[in-house]
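Undergrad: Here it is: the structure, laid out below.
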Amino acid sequence: MTPAPDSQPHSPLPRHNFPLFLSARFFGVLGTMILSVAVGWHVYEITRDPLALGYVGLAQFLPMVLLTLPAGQIADMVNRRFIILATSALQAAVAGGFLFLTLEGIQDVGAYYALLAVFGVSRAFAGPAGQSFLPLLVPRDALSRAVALNTSAFQTAVIVGPAAGGALVAFGAAFAYTACMVGFAVTGVAMMFIRTLTKQAAPAASASTGSALSRLTAGIRYVRNQPVVLGAISLDLFAVLLGGAVAMMPAYAQDILHAGPTGLGLLRSAPAVGAVLTGLWLAKRPLRRNAGAIMFLSVAGFGVGTIVFGLSENLILSMAALFVMGATDMVSMYVRGTLIQLATPDEMRGRVSAVNLLFIGASNELGEFESGVMAAFFGLVPSVVIGGIGTIAVVGLWAWMFPDLRKVDDLNAVTVKH
């Protein structure tokens, strides 16, 4: 079940444009991670209520639910670079809003939720454009390595961002929000200098004809008719929805591990360390065999890590469990991301990416709300442990429901099916 050496010839990755894209990806996620740590810590400090942390995710998820599908259609019709530039500017403005609240000493959590909702709007449009922009930069046979490196850049920012965010919050939240503004600005500047390898496909007839509802749901229909893609996306949805412990980290850091904001930053960074190391390994030695089965095993490992984290009262053990969760989640993201890009024609990538991001948003932001509700009713530790058990159960059920996904062998053999 281990990947074979990457002995097959493959095209090189572009030396100028691809690194610029990775830089844009890194600094954008860096700003988001710092923002997440700062807002989460401040909201919990004000309310001391785990449910309030759940609302942090819900405030971002609701606009994403409403806007991600239209954003996917727009990403197939409008220049994707322009969309990323516009959303980077909006995210910088949101960070400026949080900076204003901090400097003015405003303690109304409603104002924080309102800004998070605007941030959710920006993410709804940035996500489909960003995901569907990557295949324009690299040759097809280099896409799996590009996905691994792109995800590694994401996870590197997830390592640096929370740790930096925790340290900055310890000195003052104003420093954290200023750093967010800089990160989003750098993203926009980097995108301005990128030149694509291939031209963005012209919108398909379905993108501009038919009813508005039909155009919006084209991505959903495409995913529904691709069992392998549907299985991969929905497996991530339900596994992370049940097993997501990230939302409860501020409560764990303060009430169980007594680690303070610096400890919170370390906890938030631990999964990304595992993900980056795994991503770099996959970029060097891509999966050549048994990709589907490895994906199922990795998601099961994510569930086991969640259970260990939920039961741990030691900072080092908690970080080790989160490291395993990050490593296994990276394998799942690698397989899913490659499958989606290779199985989708470019003129549909924006809308299919929107569906994928809608599922990711449900598993992350809605998962944060679910975790907050579970913690409020059952207690902090039981809610996380039950979620980990649920993740393992989902793996068994999905392996039975989607046998074609389980049997996927070589990712590069995946083709577009019309």
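Including glycine, each Cβ sits where the backbone N, Cα and C put it.
In TrEMBL, annotation is done automatically, which means it is predicted and not curated.
Because the structure is a prediction, the values reported are computed rather than measured.
From TrEMBL, here are the annotated features:
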TRANSMEM  20-44  transmembrane segment
TRANSMEM  50-70  transmembrane segment
TRANSMEM  82-103  transmembrane segment
TRANSMEM  109-126  transmembrane segment
TRANSMEM  174-194  transmembrane segment
TRANSMEM  228-253  transmembrane segment
TRANSMEM  265-283  transmembrane segment
TRANSMEM  290-309  transmembrane segment
TRANSMEM  315-335  transmembrane segment
TRANSMEM  373-401  transmembrane segment
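Would you situate these features in the structure and describe their surroundings?
TA: When Cβ-Cβ distances below 8 Å are used as the criterion, the transmembrane segment (20-44) is approached by residues 50, 52-53, 55-56, 84, 88, 91-92, 94-95, 98, 102, 109, 112, 116, 119, 126, 130, 133-134, 137, 149-150, 153-154, 156-158, 160-162, 164-166, 168-169, 173, 176-177, 179-184, 186-188, 190-191, 193-194, 247, 249-251, 254, 261, 264-265, 268 of the same chain, each at least six residues removed from its ends.
Counting residues 6+ beyond its ends, the transmembrane segment (228-253) has Cβ neighbours under 8 Å at 40-41, 44, 50, 53-54, 56-57, 259-261, 263-264, 267-268, 271, 292, 295-296, 299, 302-303, 306, 309-310, 318, 322, 325, 329, 332-333, 335-336, 339-340, 343-344, 352, 355-356, 359-360, 362-364, 366-372, 375, 380, 383-384, 387-388, 390-391, 394-395, 398, 401-402, 404-405, 408, 414 in the same chain.
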Undergrad: Do the transmembrane segment (109-126) and the transmembrane segment (82-103) come close, with at least three CB pairs under 8 A (pairs 6 or more apart in sequence)?
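TA: Output yes: the transmembrane segment (109-126) sits against the transmembrane segment (82-103).
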Undergrad: For the transmembrane segment (265-283) and the transmembrane segment (315-335), check the count of CB pairs under 8 Å (sequence separation 6 or more) and say whether it reaches 3 or more.
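TA: Result for the transmembrane segment (265-283) with the transmembrane segment (315-335) is yes.
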Undergrad: Give me the stretch from 82-103, 290-309, 315-335 with the greatest number of Cβ pairs under 8 Å to the transmembrane segment (373-401).
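TA: Looking at each of 82-103, 290-309, 315-335 in turn, the most contacts to the transmembrane segment (373-401) are made by 290-309.
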